[in-house]
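Engineer: Sharing a structure with you now.
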């Protein structure tokens, strides 16, 4: 999995960046998404607040914002088109590989780690996996969705070694 990582806060250690890359690659392997691409940006509460207002119409910061990439194009190409134009096939494959981006609030992660009584490392890993599952179509609006998503989330975190 290819992951672009940006630290807008300049507060995230190399260890946390490496853990984030590692746990996302682990989650991708567990969910069969190894060939996908995504972006992760570490932000402040102020930036999280702006993004939450813009994308979710919620006037407060949040821990992780997950923006799932959904191609808006309804273009379709048959196999002959793709065979005639290998560049087109490559571009479409790249678009198909990109699944979305996460914005993780470093401030919120610190607050929540303290509130929940576990490490900052565990909270950052949790937020990365939680966001990853969201951009892969998982949600928790209904009890059944919540059970499915949270079960997989804990399975990934436990298998990786970030148990509660």
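From the backbone N, Cα and C atoms, a Cβ is placed for every residue, glycine too.
According to Swiss-Prot, the protein has these features:
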BINDING   130, 134, 140  Zn(2+) binding site
Engineer: For 130, 134, 140, listed as binding-site residues, tell me which one has the smallest number of other Cβ atoms within 10 Å.
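Structural biologist: Among the binding-site residues 130, 134, 140, the lowest count of other Cβ atoms within 10 Å belongs to 140.
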Engineer: With H, G and I counted as helix, E and B as strand and the rest as coil, say where DSSP puts residue 134 (Zn(2+) binding site).
Structural biologist: helix
Engineer: List the other residues in this chain whose Cβ sits within 8 Å of the Cβ centroid of the Zn(2+) site residues 130, 134, 140, in sequence order.
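Structural biologist: The answer, listed by sequence position, is 66, 131, 133, 138, 139, 149, 153.
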